[in-house]
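Structure first, commentary second.
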């Protein structure tokens, strides 16, 4: 009887704590909105920027894709900044940088000023895409890891949808004003984000890194399912921070290690073990194929693609593009509930297989329309629209959210931050190359041929995922190492290399 009462007393607390962790993850993940908004709004704004500033296709595709390259600066600076001022204030810093970039783009009077605004906004985006998943992973309880760590991808999609809606809402303004309002109004979500962040607690890992054990314990008790899990998580973080288990107190001294970063680079990049090499290749391959399969070409250039498919009216173009945003957002929400139920591999393989078929359909439709420029071919236009909607749906249900979720799981603790940074760098560079070459590629091999090429890359991705990536759902850190061939001595060394783990987690982001 007493046991039943105890279970009843504990159960509501479990639910309450998961809700609180979800609330924190949602707030942090909202930083991803600024990347999504920029992607979405540029797709429509580009139509008017080209007309107003009279720039070439090459200048336009550089303008569209260069933000991904600029974001690398923010991505690699985010780790140092977040170690210095904390995860929470780093989100505020990211929002402030993007706020300035959005205003610069909104008030741009020429192409050069617009490019400078893209540079500033790109640095802010780089901060956001690094700090959002890091904070979310550090605040999340184990049982909801897959669900909560997919939130940044959810908010990227919400941002894309908001960008599309902004295009549609301001398209009727005068040419010189419309695109400037579309870009400048991006400062609004940044300002709101900076204010809402103050409702978040600080990351317990950062608090331990600063020796503030009492504050970390308080946060973990609010975000863990049980007091036992909170105590276990605190013990693990103390080990990673190099604090002996027998040392306790409200505030303690945290030991520092010299040459830790050099050791991490050596272990991950310069002379990795076969297991670490496989983990690194898995992460880099996942990030590469996510972007190389053409998602930015569809999302950034969807109005141009729909125009090639035979939809010529600007309002219809932007309206159809909004449908893409709605579809993408709905399916990413579905994916968040499937990650911890269906498993990583089934979703990833199904997603990539669907993308292959969709890209072949899109390439076929665009090729048929391109061969009959003076004729309306309704079935080909319908095939193009359905293929794009199917493509973003399949992407959003697997490959989209899976990249950050899987990467955050597979790296050993001591090299996780650097491994994640390498993956993000690969992701952003690939994204930049794809978005800065799409128009030139379309002229060289036709727009339909471009999507046939992307379907071939997606086919290679499916083979890579099937043969190289193991299932990770429900695995502990120790089991994760064994999946990739890591020896027991390696995992034991990971648990005992306290100071080394601390440096990786906190300094090499």
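Backbone N, Cα and C define each Cβ position, glycine as well.
Residues 377-397 are the range that TrEMBL records as transmembrane segment, among 377-397, 482-502. A contact between the transmembrane segment (91-109) and the transmembrane segment (417-439) is absent, since fewer than 3 of their C-beta pairs, 6 or more residues apart, lie under 8 Å. Remark: the transmembrane segment (147-165) contacts the transmembrane segment (20-42), by the rule of 3 or more CB pairs under 8 A.
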